[in-house]
Every structure is written in C-alpha cells, then in structure tokens.
Amino acid sequence: MRFVKGHGTENDFVILPDPDGELELTAGRVAALCDRRAGIGADGVLRAVRTKAAADPAVEGQDAEWFMDYRNADGSIAEMCGNGTRVFARYLVSAGLAAPGEWDIATRAGLRRVALGPAGDVRVDMGPPAYLGTGEATLAGRTYRGAAVSVGNPHLACRVDEPVAGLDLCRAPGFDAAQFPEGVNVEFYRFLGDRHVEMRVFERGSGETRSCGTGTVATALAAAIAQAGGGAAAPRGTWTVDVPGGRVTVDLEDLTSHLTGPAVLVAEGEIILAE
Ligand SMILES: N[C@@H](CCC[C@H](N)C(=O)O)C(=O)O
C-alpha cells in the first residue's frame, strides 16, 4: 500500500491513505512500520480515513471530511497529536484531498480546525488546554514537580532550572499511575526569556521524540501558570517553545489555544506489508 512520510519539527509520521476505512491497522503492524531499523521508522502513524467510513465511536457525528486516526509507535491509540495534525493537513492539501484554507479535522479529542496556505506553516486550533493540578515525575533518581494538563491527551509539564539538553531521557520518567491511569506524556521545560521556553518530552507510547505539539501547548500553559505565581488563572499570550527538532508558537487565548509550526512531507512510496 501507498505511504507518505512527513514530520513537524522532527516529530515524524508515516501517513497511510485509507479513505474508505479498509485497512486493518493492528498494533503489531503500526509498531512494525514505526520500527527505525526493520521498518520505515516513525514516532507514530497517521491513518487518513473519511470520517463517514471510520468505524470509531470517538468520531461519530463529527462534521469533518477527514479523520486523523493517530497511533503511537508502540501501536497504542492516542486521542490527539498536535504535530500530527499539522502534517496531516499538509498531506491532505498536497494530495489534492483538501484545498488550502480553513477546515476541520476529526480526531478522538474532537474537531480541530486547521489553517494553511499552499505551502508553509500550519496553524491548528488546539482547543482550551485544561489545568488539572500538580503532579510529580521522577527521572534519574530526582523528583520533579509539574503541572498536569489535558490537551485532549494527558501531559505532565515539569519545570527545570538546568538546560534540558542535560536530562537523561533514555528511560521513561516515573509518574503516579493513580493520577494518570492511562499513562502520561512528560515534558521538561526551562525558561529562556519572556514567554520563551525550551522543552524536551518523553511521549507515552513513543519514548523520547524531537517534538510534541500537544506537549508544547501543555508546557506553555504550565509555564504561564508558573510565571503568574501559580493558580489556574494564567495570563494569556503568545509563547515560543524550542524543542530539539525546531520551534513552534503557542497562542494561549481566553477560550482556546493555537499551535503554529512547520509541516513537511519528505517521501512517498509503497509498503510491502508483511502479514
Ligand atoms: N507527538 C504528538 C502526541 C502523540 C500522542 C502522545 N504520545 C500520547 O500518547 O498522548 C503531538 O505532537 O502532540
């Protein structure tokens, strides 16, 4: 079957066009595709299926032509993927399946509105990130306090004072499984300036990645709350988030948030699907 490979700030994806929902996408098949030695290699898979053909109750009734069926590299299903949404939108336009402009994409976290031209950055309405209180992550014998944030999927954004490049993210950070029964994406961020942070992430289901769009939104909210001295009434504003794979912008607004950044398609080809 055909595939396209793309990335958003080096958070990379295999895109599988499946307009009529015919593909049986097992967890094993996703993990095999994402394998960086024995497969194509990616942080996740984006299956492009027409919403009306998607046999997924999570998107039933969503008024969008296309459903982004996102899977993590280990084959697990996630509610949302911010970088993936930008890459998905760029793919639909590039393939002639949607026109440049503004339209909605169905996701398990609800409709996400994208805005894009014939080339260049993509802007995604990420909805209002929800601050859910504090939490703790452990890494290399140290405990980090963070903000639990839902961006449709779960995050724990922890502030650090040292450069994030020095953190050992070879192993998964520990977290309280009672607080995050479905697992959690853990971000570590450091202030670089006014509304400017650097961030690294260990993603649920994929390990350390070079970027995480939902994670940058969670981090911007956590940093805004920290800057305001705590509490959920964070000031609104535009944040710059530097990640190992590049830079994105997060707008925290009264009723929603927007994520803006690159979306690049790098290859297309044919997969030989081993059964
Ligand atoms: N990289 C994504 C997030 C993908 C899902 C995440 N690993 C989860 O399990 O929630 C992004 O750009 O948001």
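First residue shown is number 1, and so on along the chain.
Using N, Cα and C of the backbone, Cβ positions are placed for all residues, glycine too.
Unlike curated records, TrEMBL annotations are generated automatically.
Copied over from TrEMBL, here are the features:
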- ASN11, ASN72, GLY82, ASN83, ASN153, ASN185, GLU203, ARG204, GLY213, THR214: substrate binding site (BINDING)
- CYS81: active site, proton donor (ACT_SITE)
- CYS81: active site (ACT_SITE)
- CYS212: active site, proton acceptor (ACT_SITE)
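Annotated features, which come from TrEMBL, shown on the structure.
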| residue | record | Cβ contacts under 8 Å, 6 or more apart |
| --- | --- | --- |
| ASN11 | substrate binding site | ASP43, GLY44, ASN83, GLY84, THR209, ARG210, SER211, CYS212, GLY213, GLY245 |
| CYS81 | active site, proton donor | GLY44, LEU46, MET68, TYR70, THR107, ASN153, GLY213, THR214 |
| GLY82 | substrate binding site | GLY8, VAL124, MET126, VAL151, CYS212, GLY213, THR214, GLY215, THR216, VAL217, LEU259 |
| GLU203 | substrate binding site | ASP43, ASN72, ASN185, THR209, CYS212, GLY215 |
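Secondary structure at ASN153 (substrate binding site), as computed by DSSP, is coil. Each of GLY44, ALA78, MET80, CYS81, GLY84, VAL201, SER206, THR209, CYS212, GLY215 belongs to the same chain as ASN11, ASN72, GLY82, ASN83, ASN153, ASN185, GLU203, ARG204, GLY213, THR214, is absent from that list, and has a C-beta within 8 angstroms of the C-beta centroid marking the substrate site. Cβ neighbour count within 10 Å across all protein chains ranks CYS212 highest among the recorded positions ASN153, CYS212, GLY213.
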